[in-house]
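What follows is one structure encoded as structure tokens, with my remarks underneath.
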Amino acid sequence: MSHSRRLSLEPAIDSITGRFRDLQRNDDDVNKPDFRELDLGSPVSTLMPRGSASSSAAATPTSSSGSSGSASGKPSVSSQMAKRLDDAYKSHSGELSSPGSGMPTTTRILKPGHRRSSSTGTPLIFSGSSFTSATSHTSPQGGGSGATSAVSPNTGVLPAGNICPSGRILKTGMASRTSSRTETLCTGTGNYGHGNVVRSGGGGGTSGKAVRVAENGENPEELKRMGNDMYRRGSFSEALSLYDRAILISPGNAAYRSNRAAALTALRRLGEAVKECLEAVRIDPSYSRAHQRLASLYLRLGEAENARRHICFSGQCPDQADLQRLQTLEKHLRRCWEARKIGDWKTAIKETDAAIANGADSSPQLVACKAEAFLRLKQIEDSDFCVSCIPRLDHHYHSQPQVKLFGMVVEAYVLCIQAQVDMALGRFENAVVKAERAAMLDQTNPEVVSVLNNVKMVVRARTRGNELFSSGRFSEACVAYGDGLKQDDSNSVLYCNRAACWYKLGLWEKSVEDCNHALKSQPSYIKALLRRAASYGKLGRWEDAVKDYEFLRRELPGDSEVAESLERAKTVLMNRSQESKSLGFNNEVEAVSTLDKFKKSVALPGVSVFHFKSSSNRQCEEISPFINTLCLRYPLVHFFMVDVEESMALAKAESIRKVPTFKMYKNGDKVKEMVCPSHQFLEDSIKHFLL
């Protein structure tokens, strides 16, 4: 018997043990016939000259099986063959950065016990007046086969060896109708009929499952190539679907995982992309392309530590562009940390914006840092907008290993900021849920624990205050809301609720004050504006009431109650203006320069305010615009101005030693004198004597 031909085996699995496992697992899913039905009508002869095979060429491959004992045996694989398999399976030719290469070829390996009995080498199949070589041959592109015929005087030839099952004869012309699919000689204990030759889909399979799918027309390398084409065209969803199908066939291929990560990145599903890259690195720790993708993803997520780990991993020359981005990100994060420690929130906003502009455009923690800065600056609406812009990653995504920002796990930090913003806007139930989740993620961090405790106390105080208000116990409700404000001194909801209590108690000044606190952080807070406008009406400050109602009318164009309140306030204001004119009020500050005019002004009925000022004094110049505002705000009050430099005799008669000085008279009697008062104190004094 002649030499046994050893042909190359296509790389098809990640490991020999993997093939044993997969073939055994999927064997029951495949219906493999024990033999092929053949027509017995072909006249052949066993007389075939040995020299007749000298001109044989490559032919279409046919299924070859060994003796019946070969199916039950467990042939061993040499160490050299295992090495060739391992080398082949580490190839990542399917990477997006380099277009798909040709498919590896598939040929048969004849193991011991599977040698042909022909001493001439390649057996021949006779068809009509020609005979054909049955040797499998693949083109360099990994697929094609051909057949070359030679004329022979012999008309009845039976090929040597065991091409046909025992007792069966090939039908004339059968070789030309044989399937063009390539064959793979497999190992293992699975039942594949006679021998271990099974059909292959052209190469690229990695397991028994891959062989099965290939029979249905699916090929992982072809799917990868199609996915790459879709990716280049910008059809990322279609590319992702194709990569998914390739991974289903070959889950142990790192290149497929990396390509899937690229498609997910293009779809802005960064959390899932990170997980795919991590899986690719787990499969092949030396896969540099996956490390590079991971570094780029971590830079976009603002995770500098993880990015550095993959940019500078052992055996890889760092990409200078990524390295520069990493260093810039680290610089901005460091400056942001320093600004937060000293409460320089404007600098913190500036540094987070710079880090995002540098490429960390999908970092939840950086956007949360900006939201925290706005929250501390009492700009609640801006903070809420930032929270709404926080990138939504896969809810199963967690940085691996965990990354911290400001000493907190980044996921816990983001949840803490969201909880505080929710609490400031009255979304108390959401605040509790997020604070509890943050505490679960970072149980030992004191700042996270403090946020959770504060949220719970504020929610408890608000609930207690609402219950007391509903039962008509307004004074006790004020105390309950005040307890909540001790924990969160900028909570606009608690201020607004307490303002409602003050209104019910008839303390309209306090109601206006609490509404002002609420509107300081939320300028468009509708409830606070409604309550302040109503309080202004009770105080007779109709001009201020009209301003609030006009704003509410623009915000609530379909609200009939707001429209009625606005008309009523305007009517009252007009009537008051006409009344003031009839009584001699002119709604502007009047200058007084002589002692006689001063005495006449003091004798006017009602409240009169005299402002002694100097044109060269800075404080006088600062408070003068406010006096003009008060003149319009309180039309039933007389406002006068005395320039001490121009009326020195009057200033001396009134003993004016420092400016600005204010003197108040009611019905001709002096009731109060103030030197350099604050705006609030001056207005409070006017309101006190006006009522």
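Any Cβ shown, glycine's included, is placed from N, Cα and C.
Just so it is clear, the model here is predicted, and its values are computed rather than measured.
Record features (Swiss-Prot):
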- 1-153: region 'Disordered' (REGION)
- 19-39: compositional bias 'Basic and acidic residues' (COMPBIAS)
- 83-93: compositional bias 'Basic and acidic residues' (COMPBIAS)
- 94-108: compositional bias 'Polar residues' (COMPBIAS)
- 118-140: compositional bias 'Polar residues' (COMPBIAS)
- 174-209: region 'Disordered' (REGION)
- 175-189: compositional bias 'Polar residues' (COMPBIAS)
- 255-287: repeat 'TPR 2' (REPEAT)
- 412-445: repeat 'TPR 5' (REPEAT)
- 458-491: repeat 'TPR 6' (REPEAT)
- 596-683: domain 'Thioredoxin' (DOMAIN)
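Nonlocal intrachain contacts for the repeat 'TPR 6' (458-491), taken as residues 6+ away from its ends with a CB within less than 8 angstroms of a stretch CB, comprise 378, 380, 423-424, 428-429, 431-432, 497-498, 500-502, 504-505, 521. Here the repeat 'TPR 2' (255-287) has, by DSSP, the following mix of helix, strand and coil residues: 26 helix, 0 strand, 7 coil. Here the repeat 'TPR 6' (458-491) has, by DSSP, the following mix of helix, strand and coil residues: 27 helix, 0 strand, 7 coil. Across the domain 'Thioredoxin' (596-683), DSSP classifies residues as 34 helix, 27 strand, 27 coil. Confidence in the domain 'Thioredoxin' (596-683), given as mean pLDDT, stands at 89. According to DSSP, the secondary structure content of the repeat 'TPR 5' (412-445) in residues is 27 helix, 0 strand, 7 coil.
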